[in-house]
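A quick write-up on the structure given underneath.
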Amino acid sequence: MAPNLRKSHPLLKLINNSLIDLPTPSNISAWWNFGSLLGICLLTQILTGLLLATHYTADTTLAFSSVAHTCRNVQYGWLIRNLHANGASFFFICIYLHIGRGFYYGSYLNKETWNTGIILLLTLMATAFVGYVLPWGQMSFWGATVITNLFSAIPYIGQTLVEWAWGGFSVDNPTLTRFFALHFLLPFMIAGLALIHLTFLHESGSNNPLGILSNCDKIPFHPYFSLKDILGFIIMFLPLTTLALFSPNLLGDPENFTPANPLVTPPHIKPEWYFLFAYAILRSIPNKLGGVLALAASVLVLFLVPLLHKSKQRAMTFRPLSQFLFWTLVANLLILTWVGSQPVEHPFIIIGQLASLTYFTILLLLFPIIGALENKMLNY
C-alpha cells in the first residue's frame with residue numbers, strides 16, 4: 001500500500017498533525033474559536049499592511065499626505081486602509097475574549113502556552129502603538145510623545161533611553177522612520193511567536209469547558225472544527241467589513257484628521273480604545289514612576305495568574321463564587337476603559353483610582369481566597 005503523503009511528508013506531516021488529524025475535545029464551545037480568529041486577523045493585517053506600505057512614505061513631511069493619497073488615488077486604497085485600521089480593533093477584541101476564555105476555563109494551567117500568549121499580547125500592543133504613530137496626525141504625534149516619554153521615569157537611564165528611542169531630543173523624523181521599520185517587523189515576530197504558542201498547546205492538547213481530561217472523547221480537527229472555524233471567520237468578517245464600509249472612523253480619534261503639529265497640544269490626549277483600561281490605571285497614580293509601574297503591572301500581572309490558582313477544579317464552570325468575581329472583573333475593566341476616555345477631572349479621577357485598586361485586588365487577592373474557600377465548601 002502506498003504511503004499517505006499527508007502523513008509521511010516532513011512538511012505536510014506538520015500541517016496534518018496541527019490542522020487535520022489533530023485530536024480535539026468533542027465539547028469545546030465557540031469560545032475556542034478565537035485562536036483561529038486571531039490567526040486570520042494576523043493574516044489580514046499583514047496583507048492589508050503590506051499593500052499600505054507600498055504607498056506609504058515614512059517621512060514627517062510626507063507621511064500624512066501619503067496616507068491621504070492612498071485613500072484618494074489608489075484603487076480601493078480607502079478600503080485597504082479602513083480594513084487595516086479597524087482590523088486592529090477586531091484583533092484586540094478577539095485577543096481580549098481569548099484571554100478571558102483562558103482565564104474562565106483555567107487554560108492558564110498550561111503555563112508555557114499561557115506565558116507565550118502574554119508575550120504575544122505585549123508584542124501586539126507594541127505593534128499597534130507604533131502603527132498608530134504612522135499616519136502622523138495630531139493624536140499620532142502626541143500619543144507617541146506622551147507614551148515614549150514614560151520611559152524617562154526609569155531612574156538613572158530613563159532620559160538617555162527616551163532620547164535613544166526618539167533618535168533626537170523630541171519625536172521627529174528619525175522616530176517615524178524607526179517606528180515604520182518596527183511596525184513592519186513586529187507582525188512577523190508575532191507570527192513566529194504564534195507558532196511557538198501552538199507548539200506548546202499541542203504538547204498538552206486543548207482544554208475544554210468542563211476543565212477535565214478529555215482523552216476518552218476526542219474527534220479529528222478536520223472536518224469538524226475546520227468548518228466551525230470557517231463559520232467563525234464569516235461571523236467576524238461581517239461586522240469588520242460593515243464597520244470599514246459604513247463607519248470607518250467610529251473608533252478613531254477626530255484629532256488624527258489634523259496633521260501633526262508639535263506647537264499645538266490636543267485638549268485630551270488619549271490612546272485607541274483598546275489601551276484605555278491600561279491608560280486609566282496609569283493616570284490613577286499621581287506619580288510618574290508609580291504610574292508607569294502600575295501600567296506595566298496591569299498586563300504583567302497575568303504572569304502570576306497560574307501561581308494564584310488555589311482551586312482544586314480547573315474551570316470556573318462549577319464555581320459560582322469565582323464566576324461572580326470573574327464577571328465583576330470584566331465590569332471593572334469596562335469601567336476602566338470608560339474612565340480612560342474621560343478628561344482628568346473630579347468624578348473620573350476617584351472612579352479610576354477605585355477601579356484600578358479593585359482590578360489588582362480581584363486578581364491578586366480575591367481570586368486565590370475565593371478558590372480556597374470553594375475547596376473548603378466542597379470538602380476538598
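Positions of Cβ are set from backbone N, Cα and C atoms, glycine also.
DSSP assigns His183 (heme b b562 binding site) to a helical segment in the three-state reduction. All protein chains considered, the CB of His183 (heme b b562 binding site) has 22 other CB atoms within 10 Å. Summarising the annotation, Swiss-Prot assigns heme b b562 binding site to His84, His183 and lists similarity to another entry as the type of evidence.
If you look up Swiss-Prot, you'll see His98, His197 marked as heme b b566 binding site. A sphere of 10 angstroms centred on the C-beta of His197 (heme b b566 binding site) encloses 21 other C-beta atoms.
When other Cβ atoms within 10 Å of the Cβ of His202 (ubiquinone binding site) are tallied across all protein chains shown, the result is 14. The ubiquinone binding site annotation in Swiss-Prot covers His202.
The transmembrane segment feature in Swiss-Prot is assigned to 34-54 (among others); the stated evidence is similarity to another entry. Sequence-distant neighbours of the transmembrane segment (34-54) (same chain, 6+ residues past either end, Cβ-Cβ under 8 Å): 70, 80-81, 83-84, 87-88, 90-91, 94-95, 97-98, 101, 183-184, 187-188, 190-191, 194, 229, 232-233, 236.
What Swiss-Prot records for 78-99 (among others) is transmembrane segment.
Panel annotation: around the transmembrane segment (114-134), residues 56, 58, 63, 67, 88, 91-92, 95, 98-99, 102, 107-108, 140-141, 143-144, 147, 175-176, 179-180, 182-183, 186-187, 189-190, 193-194, 196-197, 200, 271-272, 274-275, 299-300, 302-303, 305-306 of the same chain, lying at least six beyond its termini, place a Cβ under 8 Å from a Cβ of the stretch. The transmembrane segment annotation in Swiss-Prot covers 114-134 (among others), and the record cites similarity to another entry as its basis.
Feature annotation from Swiss-Prot assigns transmembrane segment to 179-199 (among others). Proximity of distant same-chain residues to the transmembrane segment (179-199), defined by a Cβ-Cβ separation under 8 Å and at least 6 residues beyond the stretch ends, is recorded for 18, 38-39, 42, 45-46, 49, 53, 56, 58, 113, 116-117, 119-120, 123-124, 126-127, 130-131, 133-134, 144.
For 227-247 (among others), the entry in Swiss-Prot reads transmembrane segment. Residues 30, 33, 36-37, 40-41, 79, 82-83, 86-87, 89-90, 94 of the same chain lie 6+ residues outside the transmembrane segment (227-247) yet bring a C-beta within less than 8 angstroms of a C-beta in it.
Annotated transmembrane segment per Swiss-Prot: 289-309 (among others), in sequence order.
Look at Swiss-Prot and you will find 321-341 (among others) tagged as transmembrane segment.
Within the chain, the transmembrane segment (348-368) has long-range Cβ neighbours (under 8 A, six or more residues past its boundaries) at 280-281, 283-285, 294, 297-298, 301, 304-305, 308-310, 322, 325, 328-329, 332-333, 335-336, 339-340, 342. The annotation transmembrane segment is assigned in Swiss-Prot to 348-368 (among others).
Under 8 Å from some Cβ of the transmembrane segment (289-309) lie the Cβ atoms of residues 99, 103, 106, 108-109, 111, 114-115, 118, 121-122, 125, 150-151, 153-155, 277-279, 281-283, 356, 359-360, 363-364, 367-368, 371, all in the same chain and six or more residues away from its ends. The Cα of His183 (heme b b562 binding site) lies closest to that of His197, out of the binding-site residues His98, His197, His202.
For the transmembrane segment (78-99), the residues of the chain that approach it from at least six positions outside its boundaries are 31, 34-35, 37-38, 41-42, 44-45, 48-49, 51-52, 67, 70-72, 117, 120-121, 124, 128, 131, 236, 239-241, 243-245, 248, 251-252, 272-274, 302, judged by C-beta separation under 8 angstroms. Closest by Cα distance to His84 (heme b b562 binding site), from the binding-site residues His98, His197, His202, is His98.
Classification of His197 (heme b b566 binding site) by DSSP places it within a helix. Sequence-distant contacts of His98 (heme b b566 binding site), defined as residues of its own chain at least six apart whose C-beta falls under 8 angstroms from its C-beta, comprise Phe34, Gly35, Leu37, Leu38, Gly117.
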